[in-house]
Amino acid sequence: MSSFFNFLLKNVKFPTGSLFFWSNSGSLLFLILLVQILSGLLLVLYFDNISYYSFISVQYLMYEVNFGWFIRLLHFNGASIFFFVLFFHFLKSLLNYGYRLVEVYLIGMMILLVLMGEAFLGYVLLWSQMSYWAGVVITNLISVIPFFGFLIKNFFWGSYVFGSNALKIFFLLHFILPFIIIFFVLMHFYYLHYYMSTSNINFNFFLDKNKFYSYYIIKDLFNFFFFIIFFLWLLFLPFKLGDSLMFEESDYLVSPIHIVPEWYFLFVYAILRAIPSKFLGVLFLLLSILIFIIYLFYLNYNFLFDKFNKLILVFFFNLLVFLSYLGQCVVEEPFIFLSQLLSFFYFFVILFVYFIYLLSKV
């Protein structure tokens, strides 16, 4: 076994351009994923998936179990850190032409979709006032699927109301999905090392590679300690990214005046709320993630298009920040109009970049 790892350390190569400190976000994501899985397995020992006791079981874990508060906060804040690094990793892949590795990019998109579903399931399991009604609202969106929408929704609910049966189904899916994610991640790694990584200096240039040991290990340790410091900040301010209603037990009869999801869902939530039609809202919610598949059609390198694309991606990143801010605002003017305007630019920018790419080929 030791000889196998020695072989990997001494023979696996990466592009010279990936020596920059932001290039190891993928390995950092894998570390955080393992921490999330291990902490989740420990939480299973005390979590009760019956609606009457689920919220109480979390409080019992926090106040009565030795170091239960640490495991719960590790899992809770680990999700936020995970998505922070994940969005950064996705942006880096777009800047470094990662979409030209078709299999790697497509599997990465699948991982992103499954992770968003996994995070939503875990958020609902808390069964607080905010998470319960977020589950009711989001699962009701399934009913827009033609012909079978209500059947699928009732399947996930386990009955005709969102209650204890739905909690059990959500808990089962939340437990199973990490193993599916691990499978996709291993496929992601396989194709990544089969085609070799891309960099921000060149694309897949096989002659300009460095061995993993020892340059990349030092770089990885530097980033690892950087995010450990960031993680410690979240431990000292554990509920800074949470909502006050997460401390209230769910009430079936009274819904919150203003439902706000976790911060990593805010930009898609803003797009969903910006469209009055329920069907179109769900459609554009899905397209807000799937539209990035359009990058697979950028096959040929063009210097002018590359510079323009990077400039647009910086603008797009700022657009996501503003959309996330609007996603937690009250549904009233001028926030509704601004959400609609920025949602339009969200899709327009990506399609406009593709149009410029087509012009650059002429």
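Note: Cβ is positioned from N, Cα and C throughout, glycine not excepted.
What TrEMBL says about a protein is an automatic prediction, not a curated fact.
Feature annotation from TrEMBL assigns domain 'Cytochrome b/b6 N-terminal region profile' to 1-201.
Feature annotation from TrEMBL assigns transmembrane segment to 21-47 (among others).
Annotated transmembrane segment per TrEMBL: 67-91 (among others), in sequence order.
Under the heading transmembrane segment, TrEMBL lists 103-126 (among others).
Positions annotated as transmembrane segment by TrEMBL: 132-157 (among others).
Residues or ranges marked as transmembrane segment by TrEMBL: 169-192 (among others).
Look at TrEMBL and you will find 202-362 tagged as domain 'Cytochrome b/b6 C-terminal region profile'.
Annotated transmembrane segment per TrEMBL: 212-239 (among others), in sequence order.
Annotation comment: TrEMBL describes 251-272 (among others) as transmembrane segment. Through the fold, the transmembrane segment (251-272) approaches residues 79-80, 83-84, 87, 116, 119-120, 123, 129-130, 132-134, 136-137, 141, 163, 241, 243, 245, 281-282, 284-285, 288-289, 320, 323-328, 330-331, 339, 342-343, 346 of its own chain, all at least 6 residues removed from its boundaries and within a Cβ separation under 8 Å.
Per TrEMBL, the feature transmembrane segment maps to 278-299 (among others). Sequence-distant neighbours of the transmembrane segment (278-299) (same chain, 6+ residues past either end, Cβ-Cβ under 8 Å): 90, 94, 99-100, 102, 105-106, 109, 112-113, 116, 141, 144, 267-268, 271-272, 305, 309, 343, 346-347, 350-351, 354, 357.
Per TrEMBL, the feature transmembrane segment maps to 311-328 (among others). Sequence-distant contacts of the transmembrane segment (311-328), counting only residues of its own chain at least 6 positions beyond either end whose CB sits under 8 Å from a CB of the stretch, comprise 87, 91, 94-95, 260-261, 263, 265-271, 273, 335, 338-339, 342-343, 345-346, 349-350, 352-353.
Annotation comment: TrEMBL describes 334-359 (among others) as transmembrane segment.
Sequence-remote contacts of a segment are chain residues at least 6 beyond its ends whose Cβ falls under 8 Å from one of its Cβ atoms, and for the transmembrane segment (132-157) they are 120, 123-124, 163, 165-166, 169-170, 250-252, 255-256, 259, 261, 272, 278-279, 281-282, 285.
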